[in-house]
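Record features (TrEMBL):
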BINDING   Glu66, Asp141, Ile143, Asp144  Mg(2+) binding site
Amino acid sequence: KAAEVARRCRAEETLFRNLVAEKSGPERSARFERDFKTLADVLIQELIKHDLGTQFPELRGHIHGEESSEFRDAHGGTVTVRVGDTPEDTVALLVAVLGPEHTRAAELLAEAVHQEVTLGDTELDGIDPGVSPGELGIWIDPIDSTNEFIGGREDVAAVDGVAPGGLRSALVLVGAFERHSGVPVLGVINEPFFQRDPQSHR
């Protein structure tokens, strides 16, 4: 779901430019002269929080992310981005951020957020992490390499199968850790732009 949201946010350049906000104050990383977040960052983070909290209620209150859930709306006010109870609720919230002229984009994003996903990884089915969800905390970096995601360069060659920069280096990262010790238990890395579809060229 996160990968699909990232791809849909990047699909239209003119819309995408309206979805970028510069961080300021305590939200801004001192490592960068300028630090940005996008609606994709915030929406991905909130959908992961929502879905994990729904599937594992004992995780609620222990799912954290890199981004503030606040985003500027079309009128310069602040909207707290969240996943609504229904696709229509999520569309209404996204229209408040994007403006009514981007209702179709809001509908496409809400569709990705609310789609049903069935996991069928047989390797993962056989793994016992040795801890229960009630012992875990979650950390989300919704789009690592946000500046590369914003830049959107597709001409950076991979080195030993790893993209050192450009759009393919933008990753969705989710980590699980033991609450009492902080010791990492599980990490998930998703590469939304790892390859271009030969049919659609997206």
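Any Cβ shown, glycine's included, is placed from N, Cα and C.
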Among Asp141, Asp144, the one of these binding-site residues whose Cβ has the fewest neighbouring Cβ atoms within 10 Å: Asp144
Ile143 (Mg(2+) binding site), number of other Cβ atoms within 10 Å: 27
Cβ neighbours of Glu66 (Mg(2+) binding site) where a neighbour is any other Cβ within 10 Å: 17
Check: same-chain CB within 8 A of Mg(2+) site center, minus Glu66, Asp141, Ile143, Asp144: Asp41, Glu67, Ile140, Pro142, Ser145, Thr146, Leu171, Val172, Leu173
